[in-house]
Ligand SMILES: CC(=O)N[C@H]1[C@@H](OP(=O)(O)OP(=O)(O)OC[C@H]2O[C@@H](n3ccc(=O)[nH]c3=O)[C@H](O)[C@@H]2O)O[C@H](CO)[C@@H](O)[C@@H]1O
Ligand SMILES: C=C(OP(=O)(O)O)C(=O)O
């Protein structure tokens, strides 16, 4: 287990470019299995989860040509289906949540799929019911293997149908969609997730020859086709990383420009950080955050304490709530953070309280932050990163704190943030990987 030693209290300055989006990458890279032709993918984030998924594809027989750290050619013309029932696949696949999405394409193209016990963040109950029910509706048979803890699916040709997803699951929608593009006839997926990740996947699949309409809505209509061809795809900037940089700038009184932020794809994110009182200038596709000694959290129009909560897109993403919470610590005013989707994502607040933050954890889903308005600084402590976004939030807290902090288990941060130590050190931070 590696750690970050962080000397806090330094103001950062300069320009940073966001990485390609992690959660988009996991879908897009899985989709290369849908064709035997070459697929070229650009702006791939160089992070643990994505690299693991690429390794899995390679072990399945996909030809992978890494042209540079962020560009890769894939050709899935000779797949070893037996690998999917191997221990190696189960072990590697269960290290990340994203491996779930190999199932949709495999079922569509080879009538067979295995889902190992999914990994990813331990942030509360994370069901896969949406995936299973969706595949069953398309005609797949499902079997749970109690010995390997694997979900196994077989089909004799998927058939299009109407389905209402039980919840707008992001990975569930991606998986069912990738299965439906090669199914016979028409599939309608209602209550579909429509995050930019899904929109990007739909656009990529259409370029490969799929017939998907309703993109960016919660009703996707898919006319099945016989086969898909190759394409080139460029990943969007990672909106979660962008939100993290906005929060970081405010907390550390830094002036930062986020270059090529893909502003039109950020939805409600800038507005929510604006509600914390953070000033931002939108210059072309860049976001400039000026140095701010004070920022004041808005109240609701009737004077009530502001609440920020998560919701499926176009609502506010749950992946930024930990960042919003940490950013409110040095604001003037109070904020209620309501994490509706995941029941274990707010427990990391005990570390922030140890650092001197004024936070009341009301219950597993809600925390109230009483802003310090810089009356005093947080103090550096030793802490462990419980999940990817809490890890980044703790890093922001440590960078704003007085003294030295030690953040352990930074593999959690590395899962989703590319060389974050080097990139922030280039702006004047002091983060040592040990
Ligand atoms: C690899 C990947 O893409 N991961 C993202 C994806 O995970 P993932 O696709 O696994 O998350 P889901 O969208 O399936 O949602 C996870 C859980 O949230 C709950 N739920 C979901 C939808 C809903 O409307 N109400 C609700 O309560 C369910 O308990 C569900 O089990 O979407 C999550 C929700 O945006 C993000 O946090 C994850 O970063
Ligand atoms: C929860 C997340 O990731 P995963 O679904 O891969 O665990 C996340 O990206 O915030």
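Every residue number used here counts from 1 along the chain in the order it is shown.
Backbone N, Cα and C define each Cβ position, glycine as well.
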Pick from 106, 301, 341: which one does TrEMBL list with 97, 319 for the same UDP-N-acetyl-alpha-D-glucosamine site?
341
Integer Å distance between the CA atoms belonging to residue 341 (UDP-N-acetyl-alpha-D-glucosamine binding site) and residue 121 (active site, proton donor):
13
Residue 22 (phosphoenolpyruvate binding site) and residue 341 (UDP-N-acetyl-alpha-D-glucosamine binding site), distance between Cα atoms, whole Å:
19
Give the sequence-ordered set of same-chain residues, not counting 97, 319, 341, with Cβ within 8 Å of the centre of the Cβ atoms defining the UDP-N-acetyl-alpha-D-glucosamine site.
120, 121, 123, 126, 170, 318, 342
Cβ neighbour count within 10 Å of residue 341 (UDP-N-acetyl-alpha-D-glucosamine binding site):
19
Residue 319 (UDP-N-acetyl-alpha-D-glucosamine binding site) has how many other Cβ neighbours within 10 Å of its own Cβ?
25
